[in-house]
Amino acid sequence: MNKNLLSFAILALAVVILVVNIWKPTSTESEKKTVDQTGEAVETTEDIPGAKLSSLREGAEAPDFELNTLDGQTIKLSDYRGKKVILNFWATWCPPCKAEMPHMQNFYEEYQDQGVEILAVNLTNMDKGTDEVQKFVDEFGLTFTIPMDEEGYAGTTYQAFTIPTSYILDENGVITKKIVGPMDEKMMKDLTGVK
């Protein structure tokens, strides 16, 4: 009897999965229809979850953002066009981030004059506050730019759900690589192509 019940449960689950997949709308069916200024129907995928994820692929232009830095300046990612950028997302409580920061500082000191910038975006909305970030920066002697993502916008845009997460951008602001996990100096050198 238990064998029959288990077989029935598995069969029922398979039927449910099949029905859900058959009736699940395709991306074409789920495109929103809106009306533009001329009254013409226009299709858009703006509200489809995951529709913008393709913008983070290698070879795509990195989405711009504007954040205040730890030292009070306002910066935009696009301000760094013309330089290679390591765009890093981190928090003070993250052990792999702590392990990575000395490597980032050493790399920055050695290669900043070769047109490479590091933007280490602190996920302030998930961190312990500005004072803790300042202590962290002082403890590790960090001299590169620390943008503060107080609302979580940049971290969400760049899918920094596991930290550290880094993106390597070329001089035109194009994503050349995404790295999840800590990097060392050799890896940064290889990914940015500095000599």
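Easy rule for this one: first residue shown is 1, then count along the chain.
Each Cβ is built from the backbone N, Cα and C atoms, and glycine gets one as well.
Record features (TrEMBL):
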- 56-195: domain 'Thioredoxin' (DOMAIN)
- 29-55: region 'Disordered' (REGION)
- 6-23: transmembrane segment (TRANSMEM)
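Broken down by DSSP into helix, strand and coil, the domain 'Thioredoxin' (56-195) contains 52 helix, 37 strand, 51 coil.
Mean pLDDT for the domain 'Thioredoxin' (56-195) in this predicted model: 97.
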